[in-house]
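S.K.: Have a look at this one.
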């Protein structure tokens, strides 16, 4: 079999020659590594990976093909994909398409047959690097120039780019073996407005499972419009990019939280709640991307394994007096959760909805439900 040549170039001058397993052409972005062993389709379709080239450290990727039920959004958001080995055969009764065909259909430039261990060590030691994947006609100097010309994610507002353009209702529950995605429960007593900063579908499904009528709104929706919907709670979704430029979201969240409506944030939503409460955020060296990150609940001291995907973090040293730290990473000590002490608002940096990953932190969704019950804080 004849393979199209491909090249990954990093801004530090590192070059990796391999083969193309996706669309021809060129892509640039911030190169990060993800340590999850499974869930490559969920990772590719997670809007939080916009403008990022994802390196998967597990050596065999593509074994189970792809299928429509495992998508976390309507398309691939990752800027590119880097893997070690693409198996020649797909083995899964759920598979509808091979990974290379899927990548080609969505125009994703991807490379295989490179030393991902060497690449991961570079990213771990030097930090996330801007990079370029070139597939087809290879020009090393042009690839290096493209990598070095990428401005980086610091200061980049991507939430409004990946957000929905229209308000819509979400009624699909989580997937079950043998029955597919569950319909909404007959009784849905809680009206939740979910801000879409790049929301994953499984987050919305877990809200539906818990009896929420979910209305999804664009990232730039003013607080007044959300409050006019008279929600029982407001959810702040995950998303890509730097939270600090999202002034529209920060001001809206501040106004909503001040009304006393229960508010729950995940990932970018966590960072935005922190900023709206007076804290600051920082760019991490290489971020957290994987499904095996230990996090400790600071109240119960319980350790949970979580799914993580973020390159920015709330700076714990900048938390104001009305915000307490609730969770901390056991990998590097970074802040993983906060709660307002004067309002029913809290957030978590990781992904309690997993997809892919463990469900140890899923009870945070139940905490959100408790806040919306009549005996909760607001009522």
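Each Cβ is built from the backbone N, Cα and C atoms, and glycine gets one as well.
Keep in mind the model is a prediction, meaning the values are calculated, not measured.
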S.K.: Where Swiss-Prot shows 239, 241, 268, 271, 309, 311, 312 binding L-glutamine, which of 20, 48, 73 is named for the same site?
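M.R.: So the L-glutamine site in Swiss-Prot includes 239, 241, 268, 271, 309, 311, 312 plus, from the candidates 20, 48, 73, 48.
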S.K.: Quick one, of the binding-site residues 239, 311, which Cβ has the fewest other Cβ within 10 Å?
M.R.: 311
S.K.: Taking 48, 239, 241, 268, 271, 309, 311, 312 as the record's L-glutamine-binding set, what's the max Cα pairwise distance in Å, rounded to a whole number?
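M.R.: In whole numbers, the farthest two Cα atoms are 13 Å apart.
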S.K.: If the L-glutamine site is taken as the center of the Cβ atoms of 48, 239, 241, 268, 271, 309, 311, 312, which further residues of that chain fall within 8 Å of it by their Cβ?
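M.R.: Once 48, 239, 241, 268, 271, 309, 311, 312 are set aside, the remaining close residues are 198, 238, 240, 242, 243, 267, 310.
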S.K.: Which of the active-site residues 267, 351, 353 has its Cα nearest to the Cα of residue 48 (L-glutamine binding site)?
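M.R.: Out of the listed candidates, the nearest Cα belongs to 267.
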S.K.: So among 267, 351, 353, all listed as active-site residues, which is physically nearest to residue 239 (L-glutamine binding site)? Use the C-alpha atoms.
M.R.: 267
